[in-house]
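Take a look at the structure below.
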Amino acid sequence: MIKRLLAGVVGAGVLGGLGFLYYAWYPPIATIDPPAASSFSAEQIERGRIVAAEGYCAECHTRTDMGGGPELAGDYKMETPFGAIYSSNITPDPEMGIGRWSEEALRRAMRLGVSRKGVHLIPAFPYDHFTKMTDQDISDLYAYLMTRPAVHMARRPNELPFPLSLRIGQAAWKLLFFTPGIYKPDPSHDALWNRGAYLAEGNAHCGACHTPRNFMGAEKKGSMYDGAVVDGWIAPPLNDKNPTPTTWTEDELYQYLRFGVAPLHGPAGGPMSPVPHRFLSQVPEYDVHAIAHYYADVDHAAEREKHDKAALARAMEQSKIDLIGPNVDPDAKLYQGACAACHYNAAPSPVLGRPDLALNNALWLDEPTNLFQVMLRGLTAEEGQSGIAMPSFYNALSDADMARIAAYLRRTRTTLPPWTDLEKKAAEVRETVKTIPVNSSH
Ligand code: HEC
Ligand code: HEC
Ligand code: HEC
């Protein structure tokens, strides 16, 4: 009896294994002769440029360490909790790039995360979002990529430990966490909303940074847009868990995504900075409006913005505190000397080039990470609002000084509980800043 049961279990195991291998196996797609540039129309190439910009292909497919590399030639180093991963060359070079890929091969890579040869790709390539792209967008993207300059350059091998280095593991990951399929419009919403959702959930993959991931690196389904840590920064929540006192309205979102600065919330710093500056400033206005329209719904702006007037007035009052009377608080004094000259604001609302810290996410998040990042790195004139910079305090302030300023701002500018272990956290962020090459823009 037991024997038969065991045989049954083993049999099911073998069948399951075979089923899995069948699921995991993809044939190679035949190579083609690289298509002539003249086989694509100028209109299609231009549409493809917009698709590539909305998916930030150049951000992850251009090397930034070792002095940088040619655009789209790959070898961009991505640090993951599992080890470093290097991106592929997606220029039309026939050997090193995708010059011998047919459009069908690109479509399969974007939709299913499978390379031309049939190899499972690592989800650091956000195909879990790209899967939502339409055939038309992928076709236009193909025209754009195939007409870029070919670059004969190899990427470094990934540094993933065994067994993660086994590509079959990626197939198991897909079975657990990946839902392939083109975006399905939601008929209960208008065209602008659907365009925004299509871009945000798909090509522009905002959730790749703003949604927390589980221990296997997959975005948590029940926590969409709850905020997450990315490259040593906090990507804040984009839903109604966003803690900043004034609402991310459609207009605030539009300004931020298009120009890299929102009148009330301030600048896009760190890993967010290229999203507006390098990409969303280069695409049709309508698309940026659509994304803003979509997130104003995700964060329930309509219900929340009625409190904004009071929140703004409160923030302006708080900003004034430092300037009244003889300051006995030594932390206030430190803040006054280092920061207040540039961050002072008065009613009715903050000056665009002078973010009001009482309204900025840096003070309202659960951790002081972004505040310390900005204090240590400063902001270049290319980040945030164009042409406006904030100096780095890396050498001017000790970890203890930064801790005092952070504690002071948190207790005078927010209604939230104090942060803990501030000096230790300041030291931790300082460690990460040290490893950044001097000429890196972010
Ligand atoms: C967040 C980073 C990131 C972004 C954004 C990104 N990629 Fe990638 N991509 C990668 C990584 C990493 C790999 C390598 C995956 C692997 O080795 O399994 C990759 C692999 C690929 C491949 C497979 C190439 C091959 O030789 O197997 C293609 C095609 C590709 N990306 C196209 C694109 C396009 C087109 C865009 C823009 C719409 C894009 N990627 C945006 C990170 C990214
Ligand atoms: C590469 C990672 C990354 C991607 C992709 C990304 N973000 Fe961000 N985002 C961040 C980080 C990090 C911050 C914090 C920046 C700061 O504090 O200056 C941020 C900040 C923001 C903020 C400001 C939130 C606040 O409370 O201050 C908004 C709004 C936002 N992102 C929207 C988006 C949207 C919409 C997309 C997609 C179109 C997107 N982001 C794509 C990383 C990313
Ligand atoms: C010389 C002027 C100046 C000083 C001094 C200064 N800042 Fe700034 N700060 C700015 C400007 C300008 C910006 C907006 C930059 C942009 O839009 O690119 C900014 C932005 C910020 C932001 C928003 C970052 C984001 O990504 O949302 C924070 C937080 C901040 N500063 C904190 C501080 C603190 C804390 C101090 C004191 C230690 C300080 N600043 C001192 C000029 C200054």
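Note that Cβ sites are derived from N, Cα and C of the backbone, with glycine treated the same way.
Note: TrEMBL annotation is automatic and uncurated.
These come from TrEMBL:
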| type | residues | note |
| --- | --- | --- |
| BINDING | C57, C60, H61 | heme c 1 binding site |
| BINDING | C206, C209, H210 | heme c 2 binding site |
| BINDING | C339, C342, H343 | heme c 3 binding site |
| DOMAIN | 43-149 | domain 'Cytochrome c' |
| DOMAIN | 191-299 | domain 'Cytochrome c' |
| DOMAIN | 326-413 | domain 'Cytochrome c' |
| TRANSMEM | 5-25 | transmembrane segment |
Check: same-chain CB within 8 A of heme c 3 site center, minus C339, C342, H343:
A338, A340, A341, Y344, R354, L357
What whole-number Å value do you get for the CA-CA distance of H210 (heme c 2 binding site) and C57 (heme c 1 binding site)?
18
So which other residues, same chain and not among C206, C209, H210, have a Cβ within 8 Å of the centroid of the Cβ atoms at the heme c 2 site?
H205, G207, A208, T211, Y225, A228, V230, A235, L238
Residues that sit under 8 angstroms from C60 (heme c 1 binding site) by C-beta distance, when 6+ apart in the chain:
Y76, M78, S87, F125
With helix taken as DSSP H, G or I, strand as E or B and everything else coil, how many residues of the domain 'Cytochrome c' (326-413) land in each class?
45 helix, 2 strand, 41 coil
Between the binding-site residues C206, C209, C339, C342, where is the Cβ count within 10 Å the lowest?
C342
Cα separation, C209 (heme c 2 binding site) to H343 (heme c 3 binding site) (Å, whole number):
28
Protein Cβ atoms within 10 Å of C57 (heme c 1 binding site), excluding its own:
21
Scan C209, C339, C342 for binding-site residues whose C-beta lands under 6 Å from an atom of ligand 3 and note them, or write none.
C339, C342
Taking just the CA atoms, what is the gap between C209 (heme c 2 binding site) and C57 (heme c 1 binding site) in Å?
15
